[in-house]
Structures are given as C-alpha cells and as structure tokens.
Amino acid sequence: MDFHESLKLAGNFGRYQKALTLLLGAPILLACLQIYVQVFAAGKSDHWCQSWENEDCKDLNLTEFQCEHLKRKLSIPYTLDDDNETVYGHCEKYNVTGIPLETAALIDKKDTSLEEIPCDSGWAHDKSTFPSTIIIDFELVCGQSYLPNVAQSAYFAGYFVGSIVCGLSADIIGRRWTIISSITMTFAAGMANAFSPNMWMYIVLRFFTGVGVRATNTCIIILTSELVSPTKRTTLLNSTFVLWGVGYFVLAGLAKLITNWRFLQLAISLPCLPVLITVILFVVESPLWLSAKERLDEAEKVLQKVAKFNGKTPTGKISQPAKQSPQMMETLKTKELLKDLLRSPHVILITLNMCFNWFVQSVVYYGLSLSTSSLGIDPYISFIVSGAIEIPAYMVCMFLPELIGRKGSTGVTMVLGGISCCLTLLLPLGVWRALLAMAGKFCISISFSVVCTWSAELYPTTVRTSAMGLFSMSSRVGAILVPFMLIMEDVWPSLPLLIMGCLSITAGLLCIFFPETKGRPMPSTFEDIKKLYRNVSDRQRNQH
C-alpha cells in the first residue's frame, strides 16, 4: 500500500495528531512572547535632559517624582501645541550650570539670555508606565532613537535567515532535528540577551533569537501537515495558532508583573528548556519525509508508533512497487523536480504571486501588531486587545477554509482587512480608530493563518519545505521593513495604515489566480502539480 493508505490505517486524525498539535503549539506560544517582548522592553516614555543631577530636592520636601518634574519645568525649553498644552523639548536644555535649583525658580526664562544647549549630563525618564527598558538602560533617545527599530528589524532579519535554514535543514536532516536545534538556539540566544551589556550585543542576540523562532515555526507547520489527513489539516494547524493569540495575554501579564526588561527576557526564554526536552522525548520524524528519502523501514516504524498511540492496528509494509514506481522515483529526484517546476511559466507565476502575498501578509500583520501603542489607547490594554482579536480569528480558520475554500478565505479577508485599514484615516486617535484597526487585524490574522496551510498544499513533499522557506523569506523581507515603515508616522500619522490597506487589497484581489486545494491530497509528483495548476487555468479561460 502507498503512504497515504498507511497513514489512514494508522489514524490520520487520532490521539497522536491531537497530542502532537498541543505539544508543538507550545513553541508557537513562546515565539509570540519573543517577537513582541520589545513592545515592552523598548516601550517609549517621555524623556528630557538631565539637570542638577546631584540634587534630590530633600530641602524642598519633594518626592523623587516631583523633583524630576520640577527640574524639567525649570531647565527644559517648551512650546504650546494647538490645544494650549505644554510640550517640553527632549534633546535640548537651558544652560543652568552654576545656578542653584533653589533659585532657578526665580528666573524668568522668557526674559533671560540663558543659552540652549544639547544634553550633556544624560537624560531623565518618566518611568510611570515603563520603569525599565532598553531605551532607559542604553539611553536610546535623540540621535540614537532609531536603534530600537534596528533591533526589531534585526529580529526579522533573523526570521529571514531562519526561513533559509529551515528550508535546507528540514529537507536534509529532517523535520524533527530541525525543530530540536531551532528551539535550542532560541533558548540560548534569549537567555543570553537578558545579560546584554550594550545595545549592539542586544541587536546581535535578537537576530539569533529570530533565526531559531522562525525555523521552529516553519518546520512545525510542515511536520503537522504531513501527519494528518487533508480534510483535518487546517483544523489542527489553526488550533495551534490559537496559542499564538494566547501569547499576547501571557506577555502582557508578564510585562505588567515583571517591570524590569532583563527579568522579563529571562521569564520568556526559560520555558524553552522543558519544551525542548519534551520534543526530544515524544516527537517523531515525519514518515512522509522518511519515505521520500527512501528510509522506508524507519517510516514504517513511525507509522506503527502512531497507530499504536491512536489505538489502531499497526500498519503493514508499504508495498515496494508502489514506492519504486516511476511517479515516486520522480518525487525522490528533488533536483530534477525543481528543474521541471522552473520550466513551467505558470508554476513560476503562481510562486511569485504567493511570495507577494506572504510579503503583504507580513507587512500588514506585524505593522498592526507593533503599532498598537500609537492608536490612542493604554499600551497594555491595546496589546491585549490586539491579541484577543486573534483567538476568534483562528477559530474561524478552523472551519472557514473548509466551507469556502482556501482561495476565498484568503482573498476576501485580505480585501476586507485592507478596507478597514484605509477607513481609519477618517477617524481621530482613540477608541473607534483602534476598533477599526483591530477589525483589520482580525481579517489579516485569518488570511495569514490560511495561507500558511494553503502554501504547503501547493508543492510536492521533497520541495515543500524549500517552497515554504522561500515564502517565509518573502514574508521576512516585509517584516524587516515594518519597523522603518512605522517611522513614517512622524511624517503623517495615518501613512502606515494607508500603505498597509492598499497592499492588502491588492494582494487579496490577486488571489483569484491561485489554484484551490480544498479536500485534495498533497501533490507528490510534477504531474500532480501540472494537474492542480491546470485546473485553475482552465477555469480562468472558461470565464473569458
């Protein structure tokens, strides 16, 4: 019997698959903590030049908070905004050298000739919301205010490299060992980052954390996809994505309890160790990958373990002729298959379109996730809402693709999400604008989840992880650009949302050119690919 028949006999939606999904969901939850920890570790707060740094205001009977704000009032230039509110400068101060704090209040700054100078004694920070951040520790303000964005881009650059690592490693050494090595890297880099002595070390370690997290997540999708039936694949994968949404709640709670960014970094990295041990003990290699690599005895042993766990009769041997058929031999020749794929113009266009789709998904998803603090809501509340909206989105993903297909689910939600982003331009900062942005986040969460499963269903086994690696790379290019896109808020606060909205609508409309894979087995040969892609071409010609 062939592989799919053997998997069906072993149970392709049994206890083992459900337990595996729960187990592999843990790294996905931890990945959410790592990617968004900088929302709090680099939380922005008001800052101003330090003056009278050795004065503690005890003679004036003031608290530390009152003392710092008195110093700001007496030494920092200010302007009035349109609402007649005082806006203090951040990077300049009056030269009050030699003037005692007690007498500074007597000076009329409007009539004095006090010189304005750059900060020369460090900065004071409002620590009421974020008591300890990398911005405070490393003084990332004024001329160095861009470095937190560099750190986040470095993390996404690690995602980019992780996509390459997963694509190559998972096809060479297998899905299981790639997951193990990637979790190890995440644990080591995350723990070390808590002890970063300077910003450049922090940036480097964020990069390696990103490599480990991305490689882990991509390979989890592949392994889970290859162990379940086509009809249940979407349900199981999206159930793990629910844990990603739960990660928002966990991180917000930890950040509220652990206000020191170094201890927070330790708290989100340490759980990787028990997860790693559990994966080593209980996760099996993909039997589909073993079959494709002609390690047939090992594949049969894995299926027997799955069958036993599922309470099924252990599967017998997969017939040798089926494995050595011309069609299967074509699958095993990865390089030849890649050449065949690259010779097909339609396959190339589909692949480029999917690369663009992943790019846009990443820009919109991470753009909305990382900009929650700029919507006019408390940063902790806005972050929780951003995560809470993902949980029902992933629940919708469990049935929507099976009802209207992968193409409809992705295209419709991307267009609706893009419209929501564009409509935020009509509203001022505040609750209603935030709700509309979260509607966009709800839609893009659905489409991003669906496209992860959909992409894996478009390519044969031996090149599937390479294709997923390519799409993930496209996604990471978009993610790398997101932190710098958000800087455009300084030019026009609504510009990032407008860019995200237009991109999402465009990518959603282009989904019409993809083939539908609902209810189909994963392709194994180049002939399967041609048949799958030919169907969409025939439908498009019939429409014209």
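Every residue, even glycine, has its Cβ placed from backbone N, Cα and C.
Residues annotated as domain 'Major facilitator superfamily (MFS) profile' in TrEMBL: 97-519. Mean pLDDT, taken over the domain 'Major facilitator superfamily (MFS) profile' (97-519), works out to 85 on the 0 to 100 scale.
Note on the transmembrane segment (20-41): residues 130, 133-134, 148, 151-152, 155, 179, 183, 186, 190, 206, 209-210, 213, 216-217, 220, 223-224, 227, 236-237, 239-248, 250-251, 254-255, 261, 264-265, 268-269, 271-272, 275, 278-279, 282-283, 369-370, 372-373, 379, 383, 387 of its chain, located 6 or more positions outside it, place their CB under 8 angstroms from a CB of the stretch. Among the features that TrEMBL reports, transmembrane segment is placed at 20-41 (among others).
As annotated by TrEMBL, transmembrane segment applies to 153-170 (among others).
Per TrEMBL, the feature transmembrane segment maps to 177-195 (among others). Counting residues 6+ beyond its ends, the transmembrane segment (177-195) has Cβ neighbours under 8 Å at 24, 27, 30-31, 34, 162, 165-166, 169-170, 202, 205-206, 208-209, 211-213, 215-216, 219-220, 223, 262-263, 265-266, 268-270, 272-273, 275-276, 279-280, 283, 285 in the same chain.
Among residues of the same chain six or more beyond the transmembrane segment (201-224), those with a C-beta under 8 A of the stretch's C-beta atoms are 17, 20-21, 24, 27-28, 31, 34-35, 38, 134, 138, 147, 150-152, 154-163, 165-167, 169-170, 175-176, 178-179, 181-190, 192-193, 233, 236-237, 240, 283, 286, 452-453, 456, 464-465, 468-469, 472, 476. The transmembrane segment feature in TrEMBL is assigned to 201-224 (among others).
For 236-258 (among others), the entry in TrEMBL reads transmembrane segment.
Under the heading transmembrane segment, TrEMBL lists 264-284 (among others). Outside the transmembrane segment (264-284), and at least 6 residues removed from its termini, the chain residues within Cβ reach (under 8 Å) are 19-20, 23-24, 26-27, 30, 33-34, 37, 40-41, 176, 179-180, 183-184, 186-187, 190-191, 193-194, 223, 251, 254-255, 258, 302, 305-306.
Per TrEMBL, transmembrane segment is recorded for 347-368 (among others).
Residues or ranges marked as transmembrane segment in TrEMBL: 380-400 (among others).
Sequence annotations record features per position, and here TrEMBL assigns transmembrane segment to 412-432 (among others).
According to TrEMBL, the feature transmembrane segment maps to 468-488 (among others).
Here TrEMBL flags 494-514 (among others) as transmembrane segment.
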Handout entry: Segment proximity, the transmembrane segment (236-258) to the transmembrane segment (380-400), 3 or more C-beta pairs under 8 Å
Key = yes
Completion exercise
Ranked by Cβ pairs within a distance under 8 Å of the transmembrane segment (412-432), the first of 153-170, 236-258, 494-514 is 494-514
Practice task
Determine which recorded stretch among 153-170, 236-258, 347-368, 494-514 has the most C-beta pairs below 8 angstroms with the transmembrane segment (468-488).
Solution key: 153-170
Completion exercise
Sequence-distant residues near the transmembrane segment (236-258) by C-beta distance (under 8 Å, 6 or more away from its ends) are 13, 17-18, 21, 24-26, 28-33, 36-37, 39-40, 220-221, 224-225, 228, 264, 267-268, 380, 383-384, 386-391, 393-395, 397-398, 445, 449, 452-453
